Amino acid sequence: MGEQKVIEEIEEAMKSKTSMVFAINGERFELELSSLDPSTTLIDFLRNKTPFKSVKLGCGEGGCGACVVLLSKYDPLLEKVDDFTVSSCLTLLCSIDGCSITTSEGLGNSRAGFHAVHERIAGFHATQCGFCTPGMSVSMFSALLNADKSHPPPHNGFSNLTAAEAEKAVSGNLCRCTGYRPLVDACKSFSADVDIEDLGYNSFCKKGEQNRAEVLKTLPCYDHATSQVCKFPEFLKEEIKNGMVLDPRKYRWSSPVSVSELQGLLSEAENGMAVKLVAGNTSTGYYKEEKQRTYERFFDVRRIPELAVVRRDEKGVELGAAVTISKAIEVLRGEENVSMLEKLADHMEKIANRFVRNTGTVGGNIMMAQRKQFPSDLTTILVAARATVKIMSSGSGQEEFTLEEFLQQPPLDTKSVLLSIEIPSWSSVKVKKNGSSSDTHFLFETYRAAPRPLGNALAFLNAAFSAEVSLSEELDGIVVHDCLLAFGAYGTKHAHRARKVEDFLTGKVITDEVLMDAIGLLKDEIVPDKGTLNPGYRSSLAVTFFFEFFGSLTQTNVKTSNGWLNGGEVGLDHEVESLKPEAMLSSAQQIVENQEHSPVGKGIVKAGACLQASGEAVYVDDIPSPENCLYGAFIYSTMPLARIKSIRFKENRVPEGVLGIITYKDIPKSGKNIGTKGFFGSDLLFAEEITHCAGQIIAFLVADSQKLADVAANLVVVDYDTENLEPPILSVEEAVERSSLFEIFPRLRCKPVGDITKGMAEAEHKILASKLSFGSQYFFYMETQTALAVPDEDNCMVVYSSSQVPEYVHRTIAGCLGVPEHNVRVITRRCGGGFGGKVTKSMPVAAACALAASKMQRPVRIYVNRKTDMITTGGRHPMKVTYSVGFKANGKITGLDMELLLEVGISEDISPLMPKGIQCALMKYDWGALSFDVKLCKTNTVSRTAVRAPGDVQGTYIAEAIMEKVASYLSIDVDEIRKVNLHTYESLKLFHNAQAGESPEYTLPMIWDKLAESSGFNQRRKVVEEFNASNKWRKRGISRVPAVYGVSMRLTPGRVSVLSDGSVVVEVPGIEIGQGLWTKVKQMAAFSLGLIQCGTTSDELLKKIRVVQSDTLSLVQGSVTGGSTSSEASSEAVRICCDGLVERLLPVKTALAEQTGAPVTWDSLISQAYLQSINMSVSTAYSPDISTGAYLNYGVAASEVEVNILTGETTILRTDIIYDCGKSLNPAVDLGQIEGAFVQGLGFFMLEEYLMNSDGLIVTDSTWTYKIPTVDTIPRQFNVEILNSGQHKNRVLSSKASGEPPLLLAASVHCAVRAAVTEAKKQILTWSNNQQEIDLTFELPVPATMPVVKEFCGLDVVEKYLEWKVQQRKNV
């Protein structure tokens, strides 16, 4: 018998699974579970073990969408496939067993043909750096796929996807380059309810040129029905039908199929054993320390029926804890005529983003709130819906609690499990009062205030209220019979019920006086915990939401409006406009394509756009790791000024896979401890005995994988000592007090203009010692800092660096290693975004890798994690400004005297260049006389550096703030003040000297007037006034702002070589960072070589040209890609090279034509040149002189905003821009630059807070805490005209820069918000007895975030309004 039993056990063991099987892009993968680490994420596997590199790591938190893939799941019972997007940085590899994964290169690629999504993204000019584009492509494809599942699309080439759904398709994906508008248009082009003529500038349809049928033929074909893309593989279906299951006790990953099995596994887990219950694993996006923990066992709970239950009946809706949030939304929406469930679903759609909701579960969200006090939206709204939960307890079996009770219990122990959530049904009931029967209405609403309307941001406060009310004729009003008021996410542990307010309201008739008393109680109950950011704002939101819910039910409103009695929605009081759904995004572009130098001047598609969309474009971290490659992670200081005593690991145990920690002591004797060598001296690679700022790099840890390196770096403990050290300098005021200043070289100092004493003496009015301040801004390039260093023969080093300055990276590495520069070679193909952050800040990253590679004699690479990147790179310069200004009664300014304190950080970096940028942008106006004193303050913080438009963006805003101040002082419209202070050409020359150029080049006054006409600016100002007069809680503002931006070109080398087959290779030092440099260079080469006229069109020549990566040993003196002029300078260098080639080829062409008597083709000409041994490679260095090297750029923007003065939320209704590009080299590229720069500026002025703690350490260090603009925060209507301003003989083919100047125009939004806030303040003034309370000459801080705007509109605006209303009635 014993033998038989053994045989049965062996047979049983053979039946159970030993491996997991899945598909990626149709390819079968099988992995042995015994050798698999269950903590491996899908992105780790895709990027390290497969050739599919389109999946990019942008944040590792599920917050950016760069890593999105499509996951397809087959249900063998229903024979149905579910397709949905997931965040591969959060999805565990083991959880995709039996699934099919599709990445962007799986949709289409250069070998099999690109997908229509890729081609439309390219054709709508919707990619710049391209790093986010594969994730965007997958999000778009998923939206199309799911829209067309239920029924076929209306007709071929289109989808059932509506324009509104198309806008939401990419709402969770971040992009720092494009400004989103072209991405949304590319997606909308698939919608049958959109006319392509209404979409933005694209390569398929020129407005008014073709009929609709012809245009549709040019669109890349989308045919859902016949597409084999994303077809679920048959081999996987067979695998699933076989139904083999894992032995739950054999491997670290188990998938129990019943509650009892899970209980058994949990009870078997020894005490102290780290066990993780897994469904979506999305909690690791927020609680990143979970990724660092080592778990012995993982239990996947998704296959347990009780946790996957979805039940709908008359009792209500039950959702299993493992039901995803997306599924829950679908279920709640499926209940017809139940408005509460519909509202819950609408609110849940604002939780995280679609690709997180698709795997994040209802139970997981609740457990994060219960165990870890996660600021959950879900728990708040479910508490208000009186939800209950079922718990499987380790001790007492199954228990049921209200969700409110459950949240208040101690954290659920690890052996207990949340099974399901039940939302009870609510129906109208009759309430008998004094013998009369009255209909009782059930009211339910949810609320949230967050930086992004469509979600993907934690709320400042969320709330949900339910109430049973009835109309009592006897009591002359609406009576509250019962209510529940839940608030959450405001700085308390859990969702909280305002019970005192509930008790107070029960049985009362709603009146203004009752609301005032209730608000008093509410303010005492909803009090954020100590240390919560913006506590006053959060408390005021509680009052706002309470007022929005009950305000329409007051006696006065019931008497004057019967809307609610007739079944209308509960909402704000009747005098308040109901909130309209957001208008759809729309845009208009006016662009002139120049044919004079074709293909220069044409809006051709960006070079490599389809490769970027499919994910085949190679970035540094996509380069396959060489054999024996090691990986690095930085260890940085958390103290501002301290002695480093020791660097050790927690528990003094070296973690697995760590090979060493490299410090300044490991630098070769012949080398130096330098991490940047470039502009103004050098900076340290590693702190030595003393660290001088929090965020300074102390050491470089080297391990066997990037994951191991990052985990190990978090286990490092640095012991500090501050004895006998001076206190750190952490503010500009301290720096001035302690004379901690950097010198500004004489040639970089700001020069005064005119006589300031005389200017102030001429003034009829003066504002003295007024103050302004600015915060910082982080680059937020999608690709973080990265490098790969490979040791080569003879003590040489090849380094691949994501850098805007390979030449300086080269010098830094050579200096650090102590080798001649010819021993180092730096290669850069492209960057996934730069914005100035990959100038000096890329140097220490490459140097650290090179140093480690030199020491270990093995390749070393790093991909810096987002948190470390944000902490160590510094960002934009914060500054404080004090100014005095004198002006005439008409607003004409006669003199401006300024003092600026710039926070530079611990080293100079590029800071000495800042004053010039600030002054140039400031001098867009004629100040009469200008005196300017700048101090570069050395502080114990990370060095600040160039961020897109460095100094200029601050300078332009200082100018606008002064204009606003003068206008307030004189009570004159600020637009008039701006106009009266615009330069004449004579004053422009006085302020800007040679940079002003010739008189016809000064187009700003003309643009100023042109924009007023094209945008209907003056008429719209009247409409705004009317709107503000008739709307109490929403105020609009409109503002028109000019920008002047000075640029200068530098020495720029180039090389053009023609190969034997007639193909052309171009080398330039400019790096492709998304600005279309390669595209413009290709166009210039095609135009210049086409001048030889060989019967080959310039478009044909274009196809023969390739621009190759930058190589510092091939092209020297490369300088920096930045300052907006690299594209035109590189183009000019190439033009000169091509002219040289044409000169060499013309005699050959003439002789060949005479010899053959036939037209000479390009190919025959090149063959003949090769036969004659003519040198077919020309190098040059373009060196601009004073007249060609520096010039001014001009633009004007008008923006209109609407501010919700109850929440502080700003909606940008419309922005119109006219920007002078001269004769654009490529208007499609320049349009993208204008829109993208504007939206990045919008982030600086309205959204992005780059905050430090008291030690100077950055604390907004993730996508959770740092909010860049998203598709729902850009202008709803975005109109751009590129001015074709004619001849500029000193420019490159009359073109002008576009990369940075338009960023300054985003100040128009901030100024419009200030105008709206002013209207709100004026309104409050009419409600206030104390007329002295309100200052209309206020400075609105930058950024004007929701809390800032609300604070300036009045945190107590509701209370003031109610007091006024009550007083008005008393007066009557």
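Cβ atoms are placed via backbone N, Cα and C, with glycine included.
Secondary structure counts, DSSP: the domain '2Fe-2S ferredoxin-type' (18-107) has 19 helix, 33 strand, 38 coil. According to TrEMBL, the domain '2Fe-2S ferredoxin-type' annotation covers 18-107.
The [2Fe-2S] cluster 1 binding site annotation in TrEMBL covers Cys59, Cys64, Cys67, Cys89. Neighbours of Cys89 ([2Fe-2S] cluster 1 binding site), defined as other CB atoms within 10 A of its CB across all chains, total 25.
Neighbour density for Cys177 ([2Fe-2S] cluster 2 binding site): within 10 A of its CB lie 29 other CB atoms from the protein chains shown. As annotated by TrEMBL, [2Fe-2S] cluster 2 binding site applies to Cys129, Cys132, Cys175, Cys177.
TrEMBL lists 246-428 with the feature domain 'FAD-binding PCMH-type'.
Under the heading FAD binding site, TrEMBL lists Asp377, Leu418, Arg448. Sequence-distant neighbours of Leu418 (FAD binding site) (same chain, 6+ residues apart, CB-CB distance under 8 A): Ala321, Gly363, Ile366, Met367, Val389, Lys390, Ile391, Leu412.
Around the Cβ of Gly1123 (Mo-molybdopterin binding site), 22 further Cβ atoms fall within 10 Å across all displayed protein chains. The Mo-molybdopterin binding site annotation in TrEMBL covers Gln804, Phe835, Arg948, Gly1123.
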In the chain carrying Arg948 (Mo-molybdopterin binding site), residues 6 or more apart in sequence that have Cβ under 8 angstroms from it: Phe779, Phe835, Gly836, Ala1237, Gln1240, Gly1299, Glu1300, Leu1303
Cα-Cα distance linking Arg448 (FAD binding site) and Cys132 ([2Fe-2S] cluster 2 binding site), given in Å to the nearest integer: 28
Closest of Cys89, Cys175, Asp377 to Gly1123 (Mo-molybdopterin binding site), Cα positions, binding-site residues only: Cys175
Cβ neighbours within the same chain of Gln804 (Mo-molybdopterin binding site) - under 8 Å, at least six residues apart: Cys831, Gly834, Gly836, Lys838, Val839, Ser842, Ile1071, Ile1073, Val1120, Thr1121, Gly1122
Sorted by sequence, non-Cys59, Cys64, Cys67, Cys89 residues with Cβ within 8 Å of centre, [2Fe-2S] cluster 1: Ile43, Lys56, Leu57, Gly58, Gly60, Glu61, Gly62, Gly63, Gly65, Ala66, Ser87, Thr1263
Proximal residue to Cys89 ([2Fe-2S] cluster 1 binding site) among binding-site residues Cys129, Cys175, Asp377, Arg448 (C-alpha distance): Cys175
For the Mo-molybdopterin site built from Gln804, Phe835, Arg948, Gly1123, further residues of that chain with CB within 8 A of the site's CB center: Gly834, Gly836, Gly837, Val839, Ala946, Val947, Pro950, Ile1073, Thr1121, Gly1122, Ser1124, Gly1299, Glu1300
[2Fe-2S] cluster 2 site, defined by Cys129, Cys132, Cys175, Cys177: further same-chain residues with Cβ within 8 Å of the Cβ centre: Thr127, Gln128, Gly130, Phe131, Thr133, Arg176, Thr178, Met782, Gly832, Gly833, Gly1074
10 Å Cα neighbourhood of Cys129 ([2Fe-2S] cluster 2 binding site): matching binding-site residues from Cys59, Cys64, Arg448: none
Neighbouring binding-site residues, C-alpha within 10 angstroms of Cys64 ([2Fe-2S] cluster 1 binding site) - of Cys175, Cys177, Asp377, Arg448: Cys175
Under 8 Å by Cβ from Cys59 ([2Fe-2S] cluster 1 binding site), counting only residues of that chain that are 6 or more apart: Ala66, Cys89, Arg866, Ser1262, Thr1263
Other C-beta atoms that fall within 10 angstroms of the C-beta of Cys129 ([2Fe-2S] cluster 2 binding site): 27
Cα separation, Cys177 ([2Fe-2S] cluster 2 binding site) to Arg448 (FAD binding site) (Å, whole number): 29
Alpha-carbon distance [Asp377 (FAD binding site); Cys177 ([2Fe-2S] cluster 2 binding site)] in Å: 31
